[in-house]
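Colleague: Mind looking over this structure? Questions follow.
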Amino acid sequence: MPLIEQYDVVVVGAGHAGCEAAMAAARMGLRTALFTLNLDLIAQMSCNPAVGGIAKGHLVREVDALGGIMGELADAVGIQFRLLNTSRGPAVWSPRAQCDKQQYRVKMREVLESQPNLYIKQAEAVDVVVEDARVTGIRLRDGRTIRAGATVITTGTFLNGLIHCGEERIPAGRSGEPPSVLLGESLKQLGLRGCRLKTGTPPRLDGRTIDWARFEEQPGDADPTPFSFRTKTLPMRQISCHIAYTTPETLRLIRENVHRSPMYSGQIEAIGPRYCPSIEDKVVKFPDKDRHQFFLEPEGLNTHEVYVNGMSTSLPMEVQYEIVRSIPGLENAEMLRPGYAIEYDAIDPTELDRSLRVKKFEGLYLAGQINGTSGYEEAACQGIMAGINAALSVRDDAPFTLNRTEAYTGILIDDLISKGTNEPYRMFTSRAEFRLHLRIDNADRRLTPYGRRLGLIHDEAWADYEAKQARAVTLEKLLATRKIKDVTPLAPALAQAGITDAASLAGQTYAQLLKRPEMSIEALWTVIRAEVAEGEAASLFAPWFTNAEEASQPLPAFVRNELKSVETEIKYAGYLDQQRKSMEKLKKAETRVIPEWFDYASVSGLSREMQEKLVRVRPQTIGQASRIPGVTPAALSLINVYIEIQGKRLAKGGHPVQV
């Protein structure tokens, strides 16, 4: 008799999506099992040992604000922190951290193993169990059946994975690990539409064989910005990365051997990530460029392994050696691991609804690269959403979704389920219609109340959140109401900002002064400090002065971040109000639900092509339908009218379609 185990939620795959999914479900009180092919490689950073980056840092902040774990882990093992895009406006500032690859994996396992309700298992899932259009669990290669109220699949690049290095082809989920073939076939048998995608990774070098003096040093920020709102200190020693460039000899070697690249020989037919091209792709597509930049990034404090960011390649190993050694400073470099490309199966994300549930089956959720995305951060935000909704479904509660006005996470999911993707999807700030509202500094204000309601934010974190919001409200009110009586104390700040009309400031509020583009809130710190340190709200602001008794001491990072958030709300108030009006219009479209029974074929005036697209995606709202490529405003108006027509027929006891 086969062995059967029972859980509330089962998660397949312990990468960045799977870990977030399992933690979310367990923290919500559900008995959760997390299955992985190798317990020692949980949360493995298969590619770049870094978290965050432009737009990706926004996703990490959102995961953290909801109660996820990626941000805190990156802070705990980060060895270089940089805040990117600071030359532009605060809407697009984004944190990035180089991480200790080994410590990230170790720390993640510690966190998972210490979580009540969570059981981590090493085994291979080979089949999805389906009963009456409901997924009821999985089967393992060892014969066990794992029954669960909800199943989350987060297999990354493992579904029918195939590695390419030159002419060599190796079935693998990633280097050194077997692919998941049987589970891939099981998902195909469910009738889900799929595609074949490709990604790649660069060679790793031995840092002891690099002449570091030949490269430009790239240090981290002197005062690092953490990912997590809950992080108090950054414990790891900080180190530098280095900037390098290809040479004419590098380009010659690539051009002469490009026919041996699987991408150009026809060996790989899958589509790779547009915004993370291989080095051979760069050389072919940008023939006029005489050099390409790349970065030498240490993989940790206790290893000599160096990641060559910007040199992803699947050229033969001997060619990779020549390419590396064509660069001054790398003439004697030893390659620890070659770069490679990997093809894998993905599911068409238009098969999913907004909760990341597969529409055709109850109880089945997908997250991460299986949905056509690229990147740890894109995976993590899907993982926490899938885990939350898997838990809610077991409780028979309504799903939790985020829309495009609330979070980059909502934008990512909406893009996937509305438009699908034929290449690995990467998040950018340009994908957001309202990015001034979706900043890194206000991710907690946007999402932490949701996390608290769901049971993902513990009491101490919630108390810190409430205190922070109270400080922001108090400070905004103070700056908006307190008028400048004497400009003398402001003289240094005004001089630094280049403001010469000091006399005209008398009678203005500090908020009016702060609206000037050249004025920063930190320049007003002396005035603010005097107001909040001894005023009625002194106890509320006490955390600001714990480590800064003297006014001359540098501001702690969290104080600076809170001040900057208040400054942004004041300085961009007019633009924020304009965006709120546009957001309300979008929200109205999102509340207009398209019923599941709606028949597009009966809508007179819809072209066959448009009908096919709408039937394929099955949008849940008019707003989602509007974002399907090719669906026109006229078509949306028709759908709106026919929802009423078909609804009235149904209400009279008939069929929604006139027959």
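Placement of Cβ uses the backbone N, Cα and C atoms for every residue, glycine included.
Remember, it's a predicted structure, so these values are computed and weren't measured experimentally.
Below are the features listed in Swiss-Prot for this protein:
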- G13, A14, G15, H16, A17, G18: FAD binding site (BINDING)
- 272-286: NAD(+) binding site (BINDING)
Colleague: Could you check the binding-site residues A14, A17, C276, V284 and say which one's CB has the most other CB atoms within 10 Å?
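Modeller: Counting Cβ neighbours within 10 Å, the top one is A17.
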Colleague: As a test of the contact definition, list every same-chain residue at least 6 positions from E280 (NAD(+) binding site) whose Cβ is closer than 8 Å to its Cβ.
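Modeller: Listed in sequence order, they are I254, V258, S261, M263, Y264, T313, S314, L315.
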Colleague: Between R274 (NAD(+) binding site) and G18 (FAD binding site), what C-alpha distance do you get in Å?
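Modeller: G18 (FAD binding site) has its Cα 25 Å from the Cα of R274 (NAD(+) binding site).
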Colleague: Closest of the binding-site residues to F286 (NAD(+) binding site), Cα to Cα, picking from G13, A14, A17, G18?
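Modeller: Checking each of G13, A14, A17, G18 against F286 (NAD(+) binding site), the shortest Cα distance is to A17.
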Colleague: How long is the line from the C-alpha of S278 (NAD(+) binding site) to the C-alpha of G15 (FAD binding site), rounded to the nearest angstrom?
Modeller: 23
Colleague: For a quick check of packing: other C-beta atoms within 10 Å of the C-beta of G15 (FAD binding site), how many?
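Modeller: Total other Cβ atoms inside 10 Å, all chains included: 29.
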Colleague: Give me the non-local Cβ neighbours of K282 (NAD(+) binding site): same chain, 6+ apart in sequence, Cβ-Cβ under 8 Å, ordered along the sequence.
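Modeller: Listed in sequence order: K289, H292.
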Colleague: Within 10 Å of the Cβ of R274 (NAD(+) binding site), how many other Cβ atoms are there?
Modeller: 12
Colleague: Sort out the sequence-distant neighbours of G18 (FAD binding site) for me: same chain, 6+ apart, CB within less than 8 Å of its CB, listed by position.
Modeller: V11, V12, L34, T36, V152, T154, A367, G368, G383
Colleague: In sequence order, which residues at least six apart in the same chain have a CB under 8 Å from the CB of G13 (FAD binding site)?
Modeller: F35, T36, I153, T154, T155, G156, F158, G368
